[in-house]
Every structure is written in C-alpha cells, then in structure tokens.
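Participant: Straight from Swiss-Prot, here's the annotation block:
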COMPBIAS  32-52  compositional bias 'Basic residues'
TRANSMEM  63-83  transmembrane segment
TOPO_DOM  84-829  topological domain 'Extracellular'
DISULFID  CYS233-CYS259  disulfide bond
DISULFID  CYS285-CYS308  disulfide bond
DISULFID  CYS351-CYS382  disulfide bond
CARBOHYD  ASN401  N-linked glycosylation site
CARBOHYD  ASN465  N-linked glycosylation site
DISULFID  CYS470-CYS482  disulfide bond
DISULFID  CYS477-CYS495  disulfide bond
DISULFID  CYS511-CYS530  disulfide bond
DISULFID  CYS524-CYS539  disulfide bond
DISULFID  CYS545-CYS557  disulfide bond
DISULFID  CYS617-CYS633  disulfide bond
ACT_SITE  HIS632  active site, charge relay system
ACT_SITE  ASP680  active site, charge relay system
DISULFID  CYS716-CYS782  disulfide bond
DISULFID  CYS748-CYS761  disulfide bond
DISULFID  CYS772-CYS802  disulfide bond
ACT_SITE  SER776  active site, charge relay system
Amino acid sequence: MDKEKSDPSCKSSDLKISNISIQVVSVPGKLPGRRPPRKPIGKPRPRKQPKKRAPFWNVQNKIILFTVFLFILAVTAWTLLWLYISKTESKDAFYFVGMFRITNIEFLPEYRQKESREFLSMAKTVQQVVNLVYTTSAFSKFYKQSVVADVSSNNKGGLLVHFWIVFVMPHAKGHIFCEECVAAILKDSIQTSIINRTSVGSLQGLAVDMDSVVLNAGLRSDYSSAVGSDNGCSRYLYADHLTLRYPLEISATSGQLMCHFKLVAIVGYLIRLSIESIQLEADNCITDSLTVYDSLLPIRSAILYRICEPTRTLMSFVSTNNLMLVILKSPYVRRLAGIRAYFEVIPEQKCESTILVKEINSFEGKISSPYYPSYYPPKCKCTWTFQTSLSTLGIALKFYNYSITKKSAKGCEHGWWEINEHMYCGSYMDHETIFRVPSPLVHIQLQCSSRLSDKPLLVEYGGYNISQPCPAGSFRCSSGLCVPQAQRCDGVNDCFDESDELFCVTVKPACNSSSFRQHGPLVCDGFRDCEDGQDEQNCTRSIPCTSRTFKCGNDICFRKQNAQCDGIVDCPDGSDEEGCGCSRSSSFLHRIVGGSDSQEGTWPWQVSLHFVGSAYCGASVISREWLLSAAHCFHGNRLSDPTPWTAHLGMYVQGNAKFISPVRRIVVHEYYNSQTFDYDIALLQLSIAWPETLKQLIQPICIPPAGQKVRSGEKCWVTGWGRRHEADSKGSPVLQQAEVELIDQTVCVSTYGIITSRMLCAGVMSGKSDACKGDSGGPLSCRRKSDGKWILTGIVSWGHGCGRPNFPGVYTRVSSFVPWIHKYVPSLL
C-alpha cells in the first residue's frame, strides 16, 4: 500500500490480471510484423538540438525600424512645411477700389467726419450689403472684407460711396481675378426694373444707380494709405466760397513725400485745380508722380491727368463732379519734391451756342473747349450751329496746334467731331490748320475723349467764298492755310505740311539774278547748284539776322545753312562746332548692299531695345545716357512703362552686347499720332551711362541741324536686327545693313498720300533693300561729305510691307525735331 502511494504513475484501476498477456517465442524467431532495426554504419548521429529563436531587437531590425522612422519623419516635416508655405507665401491679397451712388438717402454733413455715428452707421450698412453680395458669389471662399472709405455728396443727388474690396487667394489661382469679373458680380446684383426703364435698381434694399458703379483693381499701397491710421500727409479740404482760391502747397528736400488731398466743393459746383509748379524726379511715373482723380479714391478709370516730370508751366484741370483727389508721390526725395497750386469752386458751364457769321474771308470770332484755358474734362460735349448771311458762303475754322481728319475704323484718341453728319477725329500738332465746310448752315458737335483730360482748344471762325477758298494770287495748302503764290516751290515750308513744295517743276536756277543771290533757298545750302559755284560763295560773311540765317553764340549771323557741327568752324567764337563729339570715327570699311551682314564695330551707335528679355525695337545713341527711337515702339500702357525695357549697346550678334542698361525714362512726343504715325519719335534715358572706356565700340551719331535739307538720290544706310524678308517669322541674330537712297518727297506723297513734313522716304524702288519688322526705331544713317561724319537723318517708322517694289520705307525726319530733342538733352546744343 505504501509503495502504491509513493508511485504517482500507478493507479489501482489499472492493476487487473485479465489485462496482461504473455507471448513466448524462441530466440532465433522474429517478432511478427516487426523489421529488425538497422545497425548504424558510421558514427552515431548527434541528437538534434531544438532551434533557438533570434531576438526581435537585433541590429538589422533596429536599422530597418530607424530607416522607416526617418522616412516618416521626413514626409511629415515636408507636409508641414508645404502646408506652412501654402498658407503664408502662396496666398496673395487682391485689392479693388470703386464707388457707386445711392439715390434714396440724402447727404448729411456728419458724413464728412469718419468718427461720427452717422458715418459709422452708413459705412456698416454698405459693408454688410457688399459682404452679402460677394459671400454668396462664386468668389465667396476668397472674399475677405469690404471697407467704406468715404461718403460724399455729389451733383446728381444722394450719396456717393467710395469703398475697397479685399480678396485673399492662392497665388496660383490669381489669374481668375479679372477686373471685369469682380465688377460684374456687383452690377449683376443690382435688380433694375424693365418697366420703369431707369438705371436705378435695388442692391439689397439700397437704391443704387447702375451707371455710377465703377470698380477697378487697386494697389496695396493706396489701400494702406486710405484705411491706415498714418495719415500724416493726407488732407480733407472742403470749399464753400465761390470767390476764394484755396492754396495747396507742400514740399520736401529729403525723406519721402506721399500726400493725398481730397477736395470737395458745395453741391452743384465743380473744382478747378491750377498747378503753378511741380518738382518731381522725371522717371515716367515709376516712383514720382502727381495724379489728379475725378473721385475721392485712386480709381484708375477716374484719372483726369497724370504728371510725371517737373514743370513750371501753369496747368489747370476741372472735375466732372463736386470732388477731386490729388495724390503726390515721391518716395525717395533727393533734391526737392513738392507742389505749388491752388483750387477754386466754379459753376458748371454749358458748351453750346448759335452763331451768325457775317464776315467774308476773315475770322470774326472764337470758340473754345469747355472751361478754356483749362484742360477740358473727359466725356464733355459741345454743340455749335453756324449760319452765314449768304448762301455762297461757307464756314472756315482755324485751329491752333490742332487738326481734324476723317474718322477711320481705328477710332479717335482725342475725341471726335461730327460736322454736318460727317465724322472726324482730332489730333494735336505744332502748327495751325484751317478746316472749311462748304455750307451756309453748319452743325458741329464735339464729343470729348472718355479717358483723360485733354489740352485746351481755341478755334477762330469766319466765312469764306465757297467758290474761291483762298484770295486771288494765293496757294491753298493741304493744311487749309493760304500762302502767296510766290512762295510756292521756293524751298521753304510755308504751309507747315510741305504741300507748297510738292509737285514742283525743277528748273535751272537763275544764278545771275540778284534775288537768287540774296534770298534763294538754294544759296549756301551745301549743294553746288550753279556751274560756277557762286551759290556757295561768301556764305559765312556777316549779314543781318533773319529767320533764314544761322546765328552764332555772339549773335553774328551768316547765310550758310546746316552750319552746326559740320566739321568746319564758321563762327568767330567757334560756337557752331561746340559739343560736336558725335561720330568722331567710323570703322566702316566695306558695304554689302541688300540686307546683308554688317561688320562688327561698323555702326557703333546702333542699339537693340529688349522688352521683357526679347529684341523688340532699335534705337540710336546720341549721348552717353540718351537714345533716340520711334514713338510707336512704346505705344500703350504696357509698352510705355520703362521697367521691362533694357538697352543693348555695342552689339553685333544678339546676346553679345558690350554694355547693357535698364531704361530709366521714356519720353514719347506729345503729338504722336498712332493712326498716322506722325511725330513718331521718342527719347530714352538710360539708368546707367555707358563708360568712356567703351568709346571705341560705342559712339553717338550726330543730330542734324534743325531744318536740314536733304537731296533725293543721296545714299544712306539702314541697320537693324529685324526680319530679312517680310515672310520671315523672326529677326536676324546678326546686325544687318542695307544701302538705300533718299526718295523725292513728291514721289513719297504720291505713293502713300498721308506723308507729312515730319516724314521722309528712303529705299530702293525695286524693293531690293528696305527695313522690316524689328528694325523700328533704328537709324537711317547718312554720311556728310564735308567732314565724313555720320548724321541721323531718319528713324525707321512705317511702310507698306517690307521690300515691296515701288513702296519705299517711311522714316521720321529727325531734323524736324531738333528743338524738341534739345529740350530734354540740352548737352547736344
């Protein structure tokens, strides 16, 4: 019992005799169903040990886990950085400035005080309305806020609300914010009545005049000035006396000058701003400017005028309402910046009258543009009716510095005229013209430009004999003027348009006549017209000064024409050769006719003008910091900005310039006409003057004397990187040159018809050589025989195609603009 208890492997239920069986076999026998075990042949196999499991945190796994961790960390950091950048740097604010008129609310004087309860309440109401308009629009997720800056009276009644709208959105989506789109949302929200046929509609309960809604893109700097707390140079000036002149003066000699003057007059009157002098840094309004607005906020479409350079000439501007904004900007005052001006309250004027004309072949009265002598405001309108006393008389209108021509499909830049149901365009010029209407009853309507204020117009009127416009013995010019018949074909441009010198029969001059020797236009002109050469003798002998003589610095005059900078000292004081360092030498050795490659260094005054990095126009060096080019290269808001322009000097192959300078300033002639290409000339001032060390590679070309005469058939050269053929898609990489000859002006006028005295033609009538697209603004260089210097005779302007037979190129005649050039570049005198 004890033994059983001591052995736990034994159990009492298993110990039964019946469960035991014994089988006895003999030794040599085999157990049934068993194979004898195999004896091992070799060494006994070692017993297999159980495999140990490797620990998880071994070196290899640690490296893998660490790599995965670093990858996750890098992805997370990059994602966070991307989110941060997208929230900070990639979002831009877009500012819009505008105004509209509320017709059903009367103006309160308290609205002038921005801290008053009345102003704050009205501003809150308008802001809530604007917020509702844009938060329910397609731009809702980008809309940030609206700010009412001013609430003013106006001459049409009600309130004029000036406001800002701000959007914030990713930079990549900024292109969807078109000015027209944002304005359309506001205008479309105004519900107008078709039945009442009125422009006044409901804008969330506000009665808004749809015609008054103006909305333009604005500048962040203007927004900050309008709504910011720092208004150190901002003034609100209210004028309520008709006889007073309110002074407007401010100046600074250093620091910055950023001033806003808000001018408001009593209801029913206008504001006239008169500027006596202004000091600015002339740079095309890039930094310094004085801008006059027909509003109380800087709304681009409400600009009346912009001044970009200093002036001491009295200028005055008139508003179209009882308010005006004047902004003076000069962020980096170097010497002096400021304005001296005054403003006054004036009544509105009606520009209409009926006039009875009595005189024949004389001018008996004057009409003028509105508010003369002020610049007349945009969108003004004048009507005049003229009636003559006789049916045989017509009406003659004499314009000063102005001309009207038939309206073309391009429209009119300076307003349009309707005269007896015929449409005309007006343009400014530097001489007078006469326009005749062959009718005893004349209805005239002037519709002013819708963009900016324009220069004042003064027009004389009178009657004339329809059957004989000019008196007997007179020649009728294309400009409408009448000149004595004796002045026809005398070599002098008496008509101002050269029409008296066209279609002249060339006759051999009467060299022996006293009148020819004393007053002949061919005398002392540098060309030998008489066989014995007497027309070119005694040309520097002192004579009394006239309009046809050359005047020295010591007031001595002589008959020699084109004496300035001709390489010969003619004046006793040497003043005729002062400042004549142009075209001192030339490496011109070989000429290739027909638009072939030039030689490097041949044309050291040639310039390539690049716009946004690409070659666009040509120009000529006339001094160390001034270039001369064509006005049409810079026509339009985008091209007139000097910022994207660079000048490449001393260049033979495109991309290999010896000197490159940004353009600081572009001066386009004030009379440039984009429809006719008249006055197609512009000056460019470099930001950096080219160094004297490059004078062997860069040289100025000589400016011709004022009124220089040229002879047809004279050989000259046109150069540039323009297209070699009209069908080419791009310009030449190598500077091209082509020999051309000056074409007779009569042939030029016969070919094109619209040639003015400020143009000349040059080319080869076969069409073999000509300028083409890309050459515009480049030089037409002619070599003077007397001293071998190169003269800038013309500037590539326009033409009919390129190299077409019988259609020569048209060039700006530089000699017609010498006084204008000297106005900006006096060092050339």
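Including glycine, each Cβ sits where the backbone N, Cα and C put it.
Would you situate these features in the structure and describe their surroundings?
Facilitator: Beyond its flanks by at least six residues, the transmembrane segment (63-83) meets no residue of its own chain at a Cβ-Cβ distance under 8 Å.
Secondary structure from DSSP puts CYS259 (disulfide bond) in a beta strand. Long-range Cβ contacts of CYS259 (disulfide bond) within its own chain (separation 6+, distance under 8 Å): CYS233, SER234, ARG235, ILE250, VAL326, ILE327, LEU328.
All protein chains shown were included, and the count of other CB atoms within 10 Å of the CB of CYS285 (disulfide bond) stands at 19.
Residues within less than 8 Å, Cβ to Cβ, of CYS351 (disulfide bond) and separated from it by at least 6 positions along the same chain comprise SER369, PRO370, CYS380, LYS381, CYS382, THR383, LEU446.
Mapped onto three states, the DSSP output places ASN401 (N-linked glycosylation site) in coil. Counting every protein chain shown, the number of other Cβ atoms lying within 10 Å of the Cβ of ASN401 (N-linked glycosylation site) is 15.
For ASN465 (N-linked glycosylation site), the Cβ neighbour count at a 10 Å cut-off comes to 14, with all displayed protein chains included.
In the three-state DSSP reading, CYS482 (disulfide bond) counts as strand.
Over all protein chains present, the Cβ of CYS477 (disulfide bond) has 21 other Cβ atoms lying within 10 Å.
There are 19 other CB atoms within 10 A of the CB of CYS530 (disulfide bond), with all protein chains counted. For the recorded site, CYS530 (disulfide bond), the DSSP three-state label reads coil.
In the three-state DSSP classification, CYS539 (disulfide bond) falls within coil.
In the shown protein chains, 14 other C-beta atoms lie within 10 A of the C-beta of CYS545 (disulfide bond). Annotation note: CYS545 (disulfide bond) sits in a coil segment as assigned by DSSP.
There are 24 other Cβ atoms within 10 Å of the Cβ belonging to CYS633 (disulfide bond).
Listed in sequence order, the residues of the same chain lying 6 or more apart from HIS632 (active site, charge relay system) and placing their CB within less than 8 Å of its CB are TYR672, SER674, PHE677, ASP680, SER776, SER797, TRP798. Secondary structure at HIS632 (active site, charge relay system), taken from DSSP and collapsed to helix, strand or coil, is helix.
Of all Cβ atoms in the shown protein chains, 30 besides its own fall within 10 Å of the Cβ of ASP680 (active site, charge relay system).
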Participant: For the disulfide-bonded residues listed here (CYS233, CYS539, CYS617, CYS716), tell me which residue's CB has the most neighbouring CB atoms inside 10 Å.
Facilitator: CYS617
Participant: Considering only the disulfide-bonded residues CYS539, CYS557, CYS633, CYS748, which residue has the minimal Cα-Cα separation from CYS482 (disulfide bond)?
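Facilitator: Going through CYS539, CYS557, CYS633, CYS748 one by one, the Cα closest to that of CYS482 (disulfide bond) is CYS748.
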Participant: C-alpha of CYS285 (disulfide bond) to C-alpha of CYS633 (disulfide bond): distance in Å?
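Facilitator: Their Cα atoms are separated by 19 Å.
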Participant: Could you tell me which three-state DSSP class CYS761 (disulfide bond) falls into?
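Facilitator: Note: CYS761 (disulfide bond) is in a strand by DSSP.
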Participant: Which secondary structure state does DSSP assign to CYS748 (disulfide bond), in the simple three-class scheme?
Facilitator: helix
Participant: Taking Cα atoms as reference points, which of the recorded positions ASN465, CYS716, CYS782 is nearest to CYS495 (disulfide bond)?
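Facilitator: In terms of Cα distance, CYS495 (disulfide bond) lies closest to ASN465.
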Participant: So if I measure Cβ to Cβ from CYS761 (disulfide bond) and keep only same-chain residues at least 6 apart in sequence, which ones fall under 8 Å?
Facilitator: LEU742, ILE743, GLN745, VAL747, CYS748, THR751, TYR752, ILE755, PRO808, GLY809, VAL810, TYR811
